[in-house]
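Okay, structure first, notes after.
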Amino acid sequence: MRIDIISAVPSLMESPFSHSIMQRAQDKGLLEIVLHDLRDYGLGKHKQIDDYQFGGGAGMVMMIEPIATIIEQLKAERNYDEIIYMTPDGKRLEQKQCNYLSLKQNLIILCGHYKGVDQRVRDLYITQEISIGDFVLSGGELAAAVLVDSIGRLLPGVLNDESSALFDSFQDDLLAPPVYTRPADYQGHKIPAILLSGHKKKIDDWRDEQAYLRTQKLRPDLLDES
Ligand code: ADE
C-alpha cells in the first residue's frame, strides 16, 4: 500500500512512522509513506498556501490552488482509491473504517490547518472526511499519523503474529479481554487460574466472557449498537 500525505508541516510526521511496527511495515515493503510539503506548491515568491476568508472572520483558510496542483499531479501518476481529508467535522474514525482502508492500494491524506481548507477542495477532490474524535487539534498531522498507524498495522505480514490484529478491541464490537504475563504471582496478586489450566477451549471461553463483561462495564454503548 502507498499513502501520500499532503501537509503544510510534513516534518511533524517524520517520527511516528520511523519506529517499531510502522518502520517494519516499510522495511518489508508492505507500506510506502510519501510526505509532500504543501509549501512546495505555494503561490508566488512567498509560496503562499493560505489567505483570509471571504466574508470576514478570524483565521486563515488553506487555498485551493496549491492543493489542487499536488493532487492533480499525484492523480496523473496513479489511481487513488480514496482522497481523505483529516478534519474535526469529519466522520468519527472507527475500526471498521480502518479495516476497509487497509484493503486499498493507494490513498492520499490531506491534513488541514488553520480554519481548514477552501470548501471547494472538499467538494472537488475529497472522497472521505475523517475525524479522530470530538476535539480540535492544531492541525491534521497527528490525526493523519493515528489513521496511518491504525491502517498500517492491519496490512497482512506487518504484525509478527498475523492473527493478533483480529483479536484487537473493537474488531467484533467487544473490548479485548485482560492479558497477563509472568510472574503468575506478583506479591500475592495471582493471575486467573484458568490461564494455567492448559485447556484451550476453556481459556477461549473465559476470554470471550471477560471481553463481554469488560465491554458491559466500560463501553455498554458498543453492546447497544450490535
Ligand atoms: N484536525 C484537527 N482536529 C482534528 C480531529 N479531531 N480529527 C481529525 N483531524 C483534525
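Backbone N, Cα and C atoms are what each Cβ position is placed from, and that goes for glycine too.
Keep in mind that TrEMBL annotations are predicted by a computer and have not been checked by a curator.
When the candidates GLY112, GLY157, GLY188 are compared with the S-adenosyl-L-methionine site entry in TrEMBL, which names ILE132, GLY133, ASP134, PHE135, VAL136, LEU137, the shared residue is GLY112.
Compute the center of the Cβ atoms of GLY112, ILE132, GLY133, ASP134, PHE135, VAL136, LEU137, which mark the site for S-adenosyl-L-methionine; besides them, the chain residues with Cβ within 8 Å of that center are PRO88, SER131, ALA143. Summed and averaged per residue, pLDDT over the domain 'tRNA methyltransferase TRMD/TRM10-type' (1-224) gives 95.
In this structure, VAL136 is the one among the binding-site residues ILE132, VAL136, LEU137 with the smallest number of other Cβ atoms inside 10 Å of its Cβ. Across the annotated binding residues for S-adenosyl-L-methionine (GLY112, ILE132, GLY133, ASP134, PHE135, VAL136, LEU137), the two most widely spaced Cα atoms sit 16 Å apart.
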